[in-house]
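Everything on this sheet refers to the single structure shown next.
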Amino acid sequence: MLFKQQALLRQKLFILGSLAIGSVLYLVARVGTLDRLQPICPIESRLPPPEPEQIPLRTLQFKRGLLHELRKGNATKEQIRLHHLVQQLPRAIIIGVRKGGTRALLEMLNLHPAVVKASQEIHFFDNDQNYARGIDWYREKMPFSFPHQITIEKSPAYFITEEVPERIFKMNSSIKLLIIVREPTTRAVSDYTQVLEGKERKNKTYHKFEKLALDSNTCEVNTKYKAVRTSIYTKHLERWLKYFPVEQFHIVDGDRLIMDPLPELQLVERFLNLPSRISQYNLYFNATRGFYCLRFNIVFNKCLAGSKGRTHPEVDPSVVTKLQNFFHPFNQKFYQITGRTFKWP
């Protein structure tokens, strides 16, 4: 019995040994065969595909790069020529109103890759000396841009200056005109606050708002006070309508632009016939500053200057009410002309 078990064990070991030797011989033969055979697919095809050539920078990124260098005067003429950059006359102008949010609107529109802004107020059409320098001087004040982009400038004095509508009409009768407005009494107080701060910086005294806004003889609203006159929006708009149809104007709600900017910006995109590109990603609320800041990309953010959002001085409530009553009929006419209604007192 023991002898049979030992014989069976030797037989199994022999079979296993034969299988092992056979496997080794097969592998040796297989390696030799592989050395002689061409691979089914070239080695290169099994490697990761080569990375494509660098994708040209998107317009938005390019504006933060080369166009920034152009503004600093660092870009070469060769760079300008190779990238087909030009200085274009504006196809849209933010014409006003002062203290309505013109700077905020311009900076927010600059988020759009098809928009390029003039950094400074040019004051071409409202300044006789600048206007006498001619349209080529004006063009040279514009930023470099790609031909498909829209150049926009803002000079809020345009809205209230009598000569400006005709001058802009002579340059471009089909130009798009943007007007950003706020509740008229609030705008007047904001206007006063800016002037007051300038006086205080120079250690100069200045009248209280109430004294300027009311005629001391009649105690009625003082229409000679510039801050009051600017807030009579319909009077100024009627002058513009002598040259441009109402369809070439877009009214922006400056109060809403501060609180909830995206819907207002989307309306402007539509007015300028631009594809919708500005999103909530580009706007974030800064609790410290108290208003929205801009996000161009993952590394570049921007907030408006610290001078924006000044605290207004307290104004006698009776004077506020008197001003609101004074502006009311002008506001109603403004709504009627523009087709846009605001919840102003």
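The backbone N, Cα and C atoms fix where each Cβ goes, glycine too.
Here TrEMBL flags 12-29 as transmembrane segment. Positions annotated as domain 'Sulfotransferase' by TrEMBL: 90-334. The feature 3'-phosphoadenylyl sulfate binding site is assigned by TrEMBL to K99, G100, G101, T102, R103, R182, S190, Y292, K308, G309, R310, T311, H312. Summarising the annotation, TrEMBL assigns active site, for sulfotransferase activity to K99. If you look up TrEMBL, you'll see C293-C303 marked as disulfide bond.
If you take the Cα of K99 (3'-phosphoadenylyl sulfate binding site) and the Cα of C303 (disulfide bond), they are about 17 angstrom apart, rounded to a whole number. Its own atom aside, the Cβ of H312 (3'-phosphoadenylyl sulfate binding site) has 12 Cβ atoms within 10 angstroms in the protein chains shown. In this structure, the C-alpha atom of G101 (3'-phosphoadenylyl sulfate binding site) lies 14 angstrom from that of C293 (disulfide bond). Sequence-distant neighbours of C303 (disulfide bond) (same chain, 6+ residues apart, CB-CB distance under 8 A): N286, R289, C293, L294. Residues within less than 8 Å, Cβ to Cβ, of R310 (3'-phosphoadenylyl sulfate binding site) and separated from it by at least 6 positions along the same chain comprise S190, T193, Q194, E197. Sparsest Cβ environment among the binding-site residues K99, R103 (other Cβ atoms counted within 10 Å): R103.
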